[in-house]
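Features of the protein shown, as given by TrEMBL:
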- 1-20: signal peptide (SIGNAL)
- 94-129: region 'Disordered' (REGION)
- 151-227: domain 'UBX' (DOMAIN)
Amino acid sequence: MAARGVVGIFFLSAVPLVCLELRRGIPDIVYLLKEEEEKNEKRQKLVRKKQQEAQGEKASRYIENVLKPHREMKLRKLEERFYQMTGEAWKLSSGHKLGGDEGTSQTSFETSNREAAKSQNLPKPLTEFPSPAVQPTCKEIPDLPEEPSQTAEEVVTVALRCPSGNVLRRRFLKSCSSQVLLDWMMRIGYHTSLYSLSTSFPRRPLAVEGGQSLEDVGITVDTVLILEEKEQTN
């Protein structure tokens, strides 16, 4: 009985010490738990950030390597198809209307013919020596037929790309003689002895004969012709 009382007294005297130790240890435990929680949160944020960066980099590579080339190729194909259908492959060049370019062409044709004649060792043009065989007079150049309206039937538009980079356009009836193309060249100052015509696609010389119409030589739709200097022959 006495032993039980002693044990009880011992436990009662130890209870305050135990409570004191517990009060001292609880803040440390709470601090440790809070610190561990903050570390876990930082690790989670870092993982999420790395995942977002990886996804963003993957999306950027996909856009740059797949979407952008595909979009550019699609636009390029649509543009090529459009120009093939309309026959205006040189539309992006600095072309001008015929009415606005004839004056400029007339002022520059002497220089163009002179340079071509010099490169091919041909006689000088009329501006320096009278040579009707090289530089025709105005009387030798026939008048062009009246330009038909856009709403007329059996009409084609011919775009003529000059060596200077200018693009001239004019409408003709399909039944017109193909000789009208050579007359047009002469009218704008490019002599047929120095320059020739060729188709743009496929690239080949255009065979122009007086007895054939534009339709006979293959000009049945709007067409781009290239005016180029003849190759020198010995």
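Cβ coordinates come from backbone N, Cα and C, glycine included.
For the domain 'UBX' (151-227), the model gives a mean pLDDT of 87. Across the domain 'UBX' (151-227), DSSP helix (H, G, I), strand (E, B) and coil residues number 9 helix, 28 strand, 40 coil.
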